[in-house]
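Enquirer: Sharing the record's features from TrEMBL:
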- 18-37: transmembrane segment (TRANSMEM)
- 74-93: transmembrane segment (TRANSMEM)
- 114-138: transmembrane segment (TRANSMEM)
- 150-172: transmembrane segment (TRANSMEM)
- 179-197: transmembrane segment (TRANSMEM)
- 235-254: transmembrane segment (TRANSMEM)
Amino acid sequence: MLKNLSIEWLKLKNYRTFWWLIGLFVLCLIGSNYITYQLKVVTSMQSKGGLDLLLGSPFSFPDVWQAVSYVSSYVLFLPGFLMVILITNEYNFKTHRQNIIDGMSRTEFALTKIFMAVILSILSTIVVVLITIVTGLTAGSSFSLTGSVYILYFLLQALTYTLGGLLLGTLLKKSGLSIAIYLIYIGFIKKLISFLLDRYAGGIGSYMPVKSSDELIPMPFFKQVTKSLITPPDGTWLLIMTIFFIVAFYWITVKRFKTQDL
């Protein structure tokens, strides 16, 4: 596997789009959390602390784990988008075929791409951990691991996006079509189907692909208000469905690549 990952690295190290998207993703992670934190500070000062009764202290430990994970989740579509590009490039430039000719098995090729998705998800989570620690300490609170379970939820969410993007690209092969469907699903269809299922199918919209992982990290702001107005989905079932979809994405990706024409 290390040999296969080194081959993957040779493909990526001089690929500008890869580095541009990685840089954009990290910049968005830092920027979105910085802007949200500053908005909280400014509004708190303008309200002379009155808004804190509603907002609480989301950027102080222990709540900062949830707050940063929640804000960061809005840009997780970028790693998934990157995985769509990487796998469809293999089909566009026939490099996957060359890898197979050179001796890599179909399963090894699929697992190498899956490992790339896992590595990308882990690195994304590490960046979020660093942002969380810096933000929490900047807010003047003492470090605490209480609530750090949201980092695990963020990792599961990242895996859902990256493996989902990989699966979509493997199924469709065409870069333009895959990118369009990925962005439309993440930005619109997911929310529409979830809304319709919640309204007409007994509230199961939160347990659909990708949506279940999104719901693992609820909005950390206005907790007292949202608790009285919204009944949250069952956390255990959200976790079960998220893990189920991750495993399903993995299995279908390997199965599809083993059986499809090169």
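Heads up, the Cβ atoms here are built off N, Cα and C, so glycines get one too.
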Enquirer: Sequence-remote contacts (6 or more beyond its ends) of the transmembrane segment (18-37), Cβ cut-off under 8 Å?
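Expert: That would be 12, 59, 67-68, 71-72, 74-75, 78-79, 81-82, 85-86, 124, 127-128, 131, 135, 138-139.
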Enquirer: Apart from its near flanks, which chain residues at least 6 from the ends of the transmembrane segment (150-172) lie with a Cβ under 8 angstroms of it?
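Expert: For the transmembrane segment (150-172), the list is 65-66, 69-70, 72-73, 76-77, 79-88, 91, 110, 113-114, 117-118, 120-122, 124-125, 128-129, 132, 178, 181-182, 209-210, 212-214, 216-217, 239, 242-243, 245-246, 249-250, 252-253, 256-257, 260.
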Enquirer: List, by number or range, the same-chain residues at least 6 past the transmembrane segment (179-197) whose CB is under 8 A from its CB atoms?
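Expert: Distant Cβ neighbours of the transmembrane segment (179-197) are 77, 80-81, 84-85, 88, 165, 168, 172, 203-206, 208-211.
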